[in-house]
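Take a look at the structure set out below.
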Amino acid sequence: MSTTATSDDEEVAGATDGAKKQRYKRRKIAIFFAYCGVGYQGMQKNPGAKTIEGDLEEALFHAGAVPEQDRGNPKRYDWARSARTDKGVSAVGQVVSGRFYIDPPGLVERLNQILPAQIRIFGYKRVTASFNSKKFCDRRRYVYLIPVFALDPSCHRDRESVMASLGSGNELVKCLECSERGRKVAGVMGKRSFEAKSTVVQSDISNNGDDINVVKDENLTSEFKDATDSIVQNESSDAKSIIVQSDISSNNGDDINLVKEDNLTSEFKEVADSSVQNEVTDVDIDRKPVEERKFCYGEEEKERFNRILKHYVGSHNFHNFTTRTKAEDPAARRYIISFNANTVVNVEGMDFVKCEVVGQSFMLHQIRKMMGMAVAVMRNCAPESLIETALRKDVHINVPTAPEVGLYLDECLFASYNQKWKDSHEELSMKAYEEEAEGFKMKFIYSHIASTEREEGVVGLWLHSLNHRNYPDLRACNGNAVEGKSPKVDDNADTTEEKTAAVEKNGNNDENAVEGKSPKVDDNADTTEEKTAAVEKNGNNDEVQSTKEEKMTE
């Protein structure tokens, strides 16, 4: 063995006096690890930002896998990553590759001691000298956990529906505060230009338990005050407290909002006192909640949701499902291998639908936008045909982006590499780390997703913003979609209103086609009125011709 020091054979440690110097070789390896993305600005290293890659590179240096002269210069040790993840997105089966010093033994243990608990190294495997974890990765599998209630069209409706329900027998009082905060979600319609006036003490938006919200009147919005006043005038009350019950569409329970009299305004007190004087004391004030059908992800819902997700499968132009990528860019065309939602998982008492998507590669925000569109269709905010329209190269629409908290990278697959080098190298897969990866997933990723939804209600807030006011493109073809028609988009139209008018015009022509008539249009007509007159004239001529034929038959 040569004793000359090279880039692959460098002296990294010295022995004591009188002994030979210990020399180690760099080895090309693939490192398997997982991380929880909370608190990080994504996977890829970005100057000035806290990233997973930045922490991992520093840990490799301090563990002795990277020499001092290569610190901060990953190109010198052939650094490559299998997948990039956005801000807040987690991973269970991430893979990076490079030439590292793996001796002395115990590299994995040293790395885990240096890294924070939310980044765990499972192990590494020797690979070929030409291996690159990005180029050799055939496909990536991502998982998005969406709460079951998000697929219920009647749950967390838009703010207009919430305000309209106040004072009725089926109030959405619980959604009042989160719908107010969800009027404009940051990143969708710009920065929030308002302050939430209402404060809910112990608010649970997850809709998975019996929640008691104590609402202080001094912080209530003016709309909620008026609605509560009207309710108190018509309901029996107790001298110390007034209980307003609301039956809210949820998965597991009914919510009771207690409004304390001690915090009521003087005007509200007078109404309460007058109501008490006219009522008999010791009256049972509990009102029986209105019974509604509880939404569950059954076979019918599963079949419909899977049918919606299947529209993405295949090779399509996803320029509407990403940012900063034009339709003409070849990079906008991606291949989706499979997309299904067959499993429901329960995390800390909350049910989630597990949506798995497998593709060759994905663009920025692509999966989150695919999920955003699918949920909009499932909640009847958009027609199913709009997905096919959004995949067209000549159509530009604004697609909603689902929250990042439910998304994580499940595994990177190397099928071609494993097939080619199966006789000489180890198989690159997560099979050897399945048990450890499952434990990390449940402890850090799943628990974070559930706790974030329970405490902050990010999905509930997003659902309130999922309306035609924020996303006018979602209703561009609602009328045609009901009859299974595909809208025609006028590429020459400059504004949304002109495009909508073009769609409605095409819809009228489609109605004539359904009736079996093929209207003749005078191409020489200059105005829409002249063309319409020509169509009616042709229709009358057809009727006259039909009458003549009947007389000849007789």
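Positions of Cβ are set from backbone N, Cα and C atoms, glycine also.
If you look up TrEMBL, you'll see ASP86 marked as active site, nucleophile. Per TrEMBL, the feature substrate binding site maps to TYR142. Here TrEMBL flags 485-502, 517-534, 545-554 as compositional bias 'Basic and acidic residues'. Annotation comment: TrEMBL describes 309-414 as domain 'Pseudouridine synthase I TruA alpha/beta'. Residues or ranges marked as region 'Disordered' in TrEMBL: 482-554.
Around the Cβ of TYR142 (substrate binding site), the same chain contributes GLU356, VAL357, PHE362, ILE367, LEU407, TYR408, LEU409, ASP410, each under 8 angstroms and 6 or more positions distant in sequence. Within the same chain, residues at least 6 positions away in sequence whose Cβ sits under 8 Å from that of the residue listed as 'active site, nucleophile' are GLY42, LEU364, HIS365, ARG368, GLU404, LEU407. Look at the domain 'Pseudouridine synthase I TruA alpha/beta' (309-414): DSSP puts its residues at 30 helix, 36 strand, 40 coil. On the 0 to 100 pLDDT scale, the model's mean across the domain 'Pseudouridine synthase I TruA alpha/beta' (309-414) is 96.
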